[in-house]
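S.K.: The structure under discussion is supplied below as structure tokens; questions concerning it will follow.
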Amino acid sequence: MSRLVYVLNGPNLNLLGKRQPHIYGHETLADVERDCRALAGELGLTLRFHQSNREYEIIDWIHEAREEAGGIVINPAAFTHTSVAVLDALNTFEGPVIECHISNVHKREAFRHHSYVSLRADGVIAGFGTQGYQLALRRVARLIDDKAA
Ligand code: CA2
């Protein structure tokens, strides 16, 4: 199984570390990418790390992942709560999918308590701050290893 993992980030996450640090912390998305790449090296994974404010780009990357990736870590941001299209795309992907949220969405507004993506995700991480990405990557690596065994 491929050890290529897509790490996908949805709308407004380009502002990470620049606004609302009380909710999302001080790390920027570039910091998250740097830490993910360092961990991926340790885990023997190759990463494609992307962020977009456009739903179709997230969907196109999921389609790309179908062709060549072993797993997906996705923080769909607000698309989590709205996008049947992102769910449909993820349902076409055969490898492990981990949904990752920086904040604890269950402690926030009721509209954040429902996730379309959770209907497909093999695991969900919420409220671990940006460390959640590291945990998600470790889990994807384990699931890829288990499938290969
Ligand atoms: O907690 C998360 O990771 C979220 O996916 C973040 C989304 C939110 O809509 C989800 O309910 C939970 C929002 C991403 C916006 O990111 C920002 C980061 C810094 C400043 C402003 C927005």
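Positions of Cβ are set from backbone N, Cα and C atoms, glycine also.
Annotations for this protein, taken from TrEMBL, read as follows:
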- ARG19: site 'Transition state stabilizer' (SITE)
- TYR24: active site, proton acceptor (ACT_SITE)
- ASN75, HIS81, ASP88, ILE102, SER103, ARG112: substrate binding site (BINDING)
- HIS101: active site, proton donor (ACT_SITE)
S.K.: When neighbour density is defined as the number of other C-beta atoms within 10 angstroms of a residue's C-beta, which of the recorded positions ARG19, HIS101 has the lowest density?
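M.R.: The recorded positions ARG19, HIS101 were compared, and ARG19 has the fewest Cβ atoms within 10 Å.
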S.K.: 10 Å Cβ neighbour count around ILE102 (substrate binding site)?
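M.R.: For ILE102 (substrate binding site), the 10 Å Cβ neighbour count is 23.
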S.K.: Out of ASN75, SER103, which of the binding-site residues is least crowded by other Cβ atoms within 10 Å?
M.R.: SER103
S.K.: What's the most sparsely packed of the recorded positions TYR24, HIS81, ASP88, ARG112, counting other C-beta atoms within 10 A?
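M.R.: It is ASP88 that, of the recorded positions TYR24, HIS81, ASP88, ARG112, has the fewest other Cβ atoms within 10 Å.
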S.K.: Calculate the distance in Å between the alpha carbons (Cα) of ARG19 (site 'Transition state stabilizer') and ILE102 (substrate binding site), and round it to a whole number.
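M.R.: About 14 Å separate the Cα atoms of these two residues.
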S.K.: Would you measure the largest Cα separation among ASN75, HIS81, ASP88, ILE102, SER103, ARG112 for the substrate site and round it to whole Å?
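M.R.: In whole numbers, the farthest two Cα atoms are 24 Å apart.
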